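Comments concern the structure below.
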Protein chains: 2
Amino acid sequence: MTPRNLPRLGATALALVLGATAVHAEDIAEYMDFFEPLPYLPPIPADNSMDQVKIDLGRMLFFEPRISASGVISCATCHNPALGWTDRIDRAVGHAGQVGNRNTPTVLNSGFLGAQFWDGREPDLEGQSLGPIQADVEMNMSLEEAIQRLKEFEVYQEHFATAFPDDADPIRAENVALSIAAFERTLNTPNSPLDRFLRGDVQAMTDQQVEGMKLFVDAGCVACHNGPALTDSNYYRFELPSSKDEGRFLVTGDEYDKFAFRTPTLRNVAVTYPYFNNGSVDNLHDAVNLMADQMLGREFAEDENDAIVAFLHALTGEMPAVEIPALP
Amino acid sequence: MTPRNLPRLGATALALVLGATAVHAEDIAEYMDFFEPLPYLPPIPADNSMDQVKIDLGRMLFFEPRISASGVISCATCHNPALGWTDRIDRAVGHAGQVGNRNTPTVLNSGFLGAQFWDGREPDLEGQSLGPIQADVEMNMSLEEAIQRLKEFEVYQEHFATAFPDDADPIRAENVALSIAAFERTLNTPNSPLDRFLRGDVQAMTDQQVEGMKLFVDAGCVACHNGPALTDSNYYRFELPSSKDEGRFLVTGDEYDKFAFRTPTLRNVAVTYPYFNNGSVDNLHDAVNLMADQMLGREFAEDENDAIVAFLHALTGEMPAVEIPALP
């Protein structure tokens, strides 16, 4: 049974339950086909299996501030578990209080993305994870120094040796990347109201959220925001007031990519404000209006906007329960 | 039955179990009388009762970075649960990467201290908790602005109203202080090997740790490091190489207090390195030698130093299991 089949089962259930009420089950079934429930795990790369030892090591490294120049900034500083695994400020604040150019994306469900960073400059979490350690406005530490610091701890010597038993020199940047990426692939948020709705729990979304779901499809939002994480991981240009960031162009040098950014996931969008590449939009109503104007060339009426925002709230899933590791 | 009675019970148990073995139970009983098992809770002030709503609010505020000027520094940045509720760097790093003058003390068991901060300038956690928010090298935010930020969140409006139901204007600095202090009083580490030993579990400490305990008493360390948190919360001057910090003198203006600091707790000292007011000493062996020289005017032989360090490791208790709060 593939996830694609589940909406149909849900529709049958809907028809049985709702009968001839105001909600037309068969009609909704067509809409539901545009969506997929979020799996509990994203695709696992063949060269980075998910074992508990590696995941636990990745969790330690994710919370480890000693691999930053200041000694107080870790991945978890900007990807803060208390704040939807992001920071809820406009643009990231890193080493020595420097402010980066872009808004911190959430780590939640990032294993479902086809490319990492706003500009997609890394294909996967393994590639992404080493970036912020080295960025001078983030953790500001060379990988050589980071590895040296980790090697000073017996606990890390043991954990790396256990996680990478065939590696003669296990404390290496590549293994840091593999571990952090393996941990991040556990940070998923299944069972949102949408997911439960798609699986047949017809009460999981309100009528307004169902209306929003239909509008989301009919207006064309779903053209880019699709798949389990509601992103096609593709790049689109648009004009964000207050931003001069050339986005994907800085990666490809292709004029076509100027001001283009990767479609962000809409999973947990209600708890991962503010929005867009520079975090300049604070609330979902404004974000939806901006997207309507820029990507769809239309305006939503106030009740339509409200319905779509209500639907976006139905994308908030169960947060992963992560224990803070005891670091050496 | 007071905690003071427990060591005697333990000693009786010891005598029964050990009989005429190498360890002289009655002899040890005298040493045990110098110590107290750590209670599960510190003294609770009459004007700040511990209720769950207030504790939960305090936990949110403790992890809340939006009450810092940068938006990324919270109490938990320097009092990091992953690092023994301290930061394991020499001196605190705060706003814009500024380095403070002093080492971050752990929050663990801080409710047992008779005074807060290295210089004891605040008598209790209520007084302490608002300091770092305002300090320009730490969170760098005025209380007025912090309160304003909290008021913007409906979730905080609800939580403060529930925690302080008789207060017409519950989001106030005083209530922030009460909540954070109530939360901090839950951060205790009972059941260390010493505690279990004192309660009669004769296997809880190694022979070397027992030797260390006896030396700790005989040499006089216990004169200042006593009570449940192994501190008398009093002030003593000593010469720390590399430090020109005048300590308690900066609070009292009394010449007698020059270079004096409050006796730090030894609870969890093995996991709250580095040591002393400027964090200039990395390991316990050096710390013990420095104290022997400065406070006792003597030297420990290597095996004595090792035994005391082993005993200090017996002061590492059970870390509090704190769930990261979901912030608004």
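Each residue, glycine too, has its Cβ placed from N, Cα and C.
According to TrEMBL, the protein has these features:
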- A:Cys75, A:Cys78, A:His79, A:His95: heme c 1 binding site (BINDING)
- A:Cys221, A:Cys224, A:His225, A:Met291: heme c 2 binding site (BINDING)
- A:207-316: domain 'Cytochrome c' (DOMAIN)
- A:1-25: signal peptide (SIGNAL)
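Nearest neighbour of A:His225 (heme c 2 binding site) by Cα distance, taken over the binding-site residues A:Cys75, A:Cys78, A:His79, A:His95: A:His79. Summed and averaged per residue, pLDDT over the domain 'Cytochrome c' (A:207-316) gives 97.
The Cβ of A:Cys221 (heme c 2 binding site) lies under 8 Å from the Cβ of A:Met291, A:Met295, A:Leu296, A:Ile308, each on the same chain and at least six residues away in sequence. It is 29 Å from the Cα atom of A:Cys75 (heme c 1 binding site) to that of A:Cys224 (heme c 2 binding site). Residues near A:Cys78 (heme c 1 binding site) in space but far in sequence (CB under 8 A, at least 6 apart, same chain), listed by position: A:Thr86, A:Asp87, A:Ala92, A:Val93, A:Gly94, A:Thr104, A:Pro132, A:Glu138. For the pair formed by A:His79 (heme c 1 binding site) and A:Cys224 (heme c 2 binding site), distance between Cα atoms is given as 25 Å, rounded to the nearest Å. All protein chains shown were included, and the count of other CB atoms within 10 Å of the CB of A:Cys75 (heme c 1 binding site) stands at 25. The C-beta environment of A:His95 (heme c 1 binding site), restricted to residues of the same chain at least 6 apart in sequence and closer than 8 Å, consists of A:Ser68, A:Ala69, A:Ser70, A:Ile73, A:Asp136, A:Val137, A:Glu138, A:Met139, A:Asn140. In the three-state DSSP reading, A:His95 (heme c 1 binding site) counts as helix. Counting only same-chain residues at least 6 apart in sequence, those with a Cβ under 8 Å from the Cβ of A:Cys224 (heme c 2 binding site) are A:Thr231, A:Asp232, A:Asn234, A:Tyr236, A:Thr263, A:Met295. Report note: the heme c 2 site is defined by A:Cys221, A:Cys224, A:His225, A:Met291, and the residues of the same chain whose CB lies within 8 Å of the CB centroid of those residues, excluding them, are A:Phe216, A:Gly220, A:Val222, A:Ala223, A:Leu230, A:Thr263, A:Leu266, A:Met295. Across the domain 'Cytochrome c' (A:207-316), DSSP helix (H, G, I), strand (E, B) and coil residues number 50 helix, 9 strand, 51 coil. In sequence order there is nothing to list: of A:Cys75, A:His79, A:Cys221, A:Cys224, A:Met291, none of the binding-site residues comes within a CB distance under 8 A of chain B.
When every Cα pair among A:Cys75, A:Cys78, A:His79, A:His95 is compared, the largest distance found for this heme c 1 site is 15 Å. Spanning the listed heme c 2 site, residues A:Cys221, A:Cys224, A:His225, A:Met291 have a farthest Cα to Cα distance of 12 Å.
Taking the mean position of the Cβ atoms of A:Cys75, A:Cys78, A:His79, A:His95 as the heme c 1 site, the remaining same-chain residues with a Cβ inside 8 Å of that point are A:Ile73, A:Ser74, A:Ala76, A:Thr77, A:Asp87, A:Ala92, A:Gly94, A:Thr104, A:Pro132, A:Glu138, A:Met139. A:His79 (heme c 1 binding site) falls outside any helix or strand according to DSSP and counts as coil.
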